[in-house]
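> Dumping the structure here so I can ask a few things about it.
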Amino acid sequence: MADALSFEKFYNIINNEKIDTGASYHGINPFTGEALWETPVATEKDVNSAVLAAHKAFKTWSLMPWEERSKLLKKFADGLEKYKDEISDLLGKESGKTFPNEAQWSVPEKVLKETADVRIVTQYPPVGVVAGITPWNYPFQLAILKIAPSLMTGCTIVLKPSPLTPYSALKIGEIAAQIFPPGVVQVLGGDDKLGPWITKHPGIAKVSFTGSIATGKMVMAAAAHSLKRVNLELGGNDAAIITEDFDIPKAAQLASIAAFLHSGQVCMGTKRIYVHESVHDEFMKHFILIVKNFKAGEGFISPIQNKMQYEKVKSIYQDCQKLGYDFVVGSGKIEDRAGGYYVEPAVILNPPEDSRIVQEEPFGPIVPVLTFGSDEEVISRVNDSAVGLGATVYCRDERRAWQLAGSLDTGSVWVNGGLKMDPVALFGAHKQSGIGGELGPLGLTYYTNTRTVTYWKESVKDETNGVKQNGETVALFA
Ligand code: NAD
């Protein structure tokens with residue numbers, strides 16, 4: 001399958017074949033509300049074929065030396081690069097995004113003990129067929145974040161994008177089919193039945209899931225049936241802490257981007273801002289000025305991607321308005337606009353700590369700003385949450401910054417900006433924000449099993465590794 005790609009037709013990919021399932025549906029362009037292209041709905045039979053193909057491919061793919069797999073992944077990256085403009089256009093139409101970094105991954109075995117008698121080694125064999133399930137907010141990057149570590153560790157994959165944004169992932173599948181052996185990468189689009197079919201399938205060894213906490217719990221329950229491994233990358237409620245010694249106009253600039261990028265539809269975006277009381281007025285002066293210039297549908301204030309999310313964001317605005325919270329930017333009213341789901345940005349000043357806007361992840365362009373008096377107090381308020389994805393600390397005093405960072409119950413802490421993932425570092429989570437993590441050497445190990453090999457050296461075997469019982473040598477538990 002080495003033909004040029006059409007960006008007008010979409011297929012599921014099984015065993016490097018384009019599969020037309022007969023049934024189809026279409027996504028919606030969130031900028032205009034217009035229908036996008038028809039796209040296939042997978043059946044349960046398709047899931048079985050995809051898992052079977054991935055199983056067959058696993059037998060040879062997992063034995064391929066990682067240098068060769070790595071070469072193919074590089075070719076795959078080049079293949080994606082070739083269609084960069086077309087994929088960017090697709091992403092714009094289904095949600096609007098940028099490109100990921102490349103990375104090199106492998107999990108070398110570890111020698112844990114080496115003495116005259118024994119060598120103990122941990123090996124990391126691939127776990128098997130992985131199911132990758134992704135949400136609608138970063139359809140390209142998150143698909144790559146599932147495919148690359150699966151393939152690098154020797155796993156094969158069945159990828160399921162969100163039904164709201166299937167397009168770029170299906171094209172990734174077609175590009176992968178031009179490069180990898182059949183069965184290594186499957187991509188299935190479908191309806192709400194597809195996820196449960198995949199997570200209950202006994203042929204899947206691991207589910208790498210990114211999405212909401214509620215669905216993550218269902219995925220884990222379904223995986224329990226055959227004790228599948230799970231990686232859960234779920235929602236968060238990331239806080240930013242701004243101390244009084246930081247450059248306040250700069251803090252306002254950085255925090256405004258972290259909170260409003262992609263209209264707040266970013267899992268690691270800032271969802272609540274805590275400012276030291278002594279610099280609060282100065283911060284608000286700058287922050288309000290910046291956010292007042294943000295306009296729905298312009299720059300990074302994109303439309304809300306889908307109707308369900310739009311209704312959720314609306315209900316948070318209405319809750320703040322009904323309870324009389326202080327809208328220092330925005331009015332709290334959301335007027336339905338023809339075309340896309342546009343929401344004007346809003347800033348809420350000092351709502352109660354137990355309000356929905358402080359406790360929930362709105363996933364929309366609205367953020368509360370709160371004040372704090374001491375580091376101890378702000379740490380306790382930030383940590384008093386059922387979730388713990390990430391946090392940001394803006395603090396010039398290095399010792400204090402490390403102390404703050406080290407006290408937060410979150411998988412990531414960014415200090416003084418740079419709120420992004422780095423391929424060398426695990427992106428993990430605490431509490432209900434998830435289990436496991438992605439990226440970095442540790443992230444790769446989540447796509448493997450471990451195998452401990454204890455090798456008794458021949459020369460000393462009889463004396464050290466056995467005891468005589470009735471003249472027979474038997475194993476000794478050391
Ligand atoms: P979602 O949970 O509704 O859907 C995610 C995926 O799960 C979709 O592909 C969906 O079709 C599938 N799915 C739905 N029900 C399923 C089931 N029963 N079994 C298996 N799969 C099922 O999430 P969403 O609304 O698409 O995404 C938004 C959420 O994702 C937010 O909470 C956000 O914080 C989170 N998110 C987290 C990260 C992270 O890395 N932690 C990154 C991006 C988004």
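Cβ from N, Cα, C; glycine included.
Below, the features straight out of TrEMBL:
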type     : residues : note
ACT_SITE : Glu233   : active site
DOMAIN   : 24-453   : domain 'Aldehyde dehydrogenase'
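Describe the structural surroundings of these features, if you would.
DSSP assigns Glu233 (active site) to a strand in the three-state reduction. Sequence-distant neighbours of Glu233 (active site) (same chain, 6+ residues apart, CB-CB distance under 8 A): Phe209, Thr210, Gly211, Cys267, Phe427, Ala429, Gly434, Gly436, Gly437, Glu438.
Within the model, the domain 'Aldehyde dehydrogenase' (24-453) shows a mean pLDDT value of 93, rounded to a whole number.
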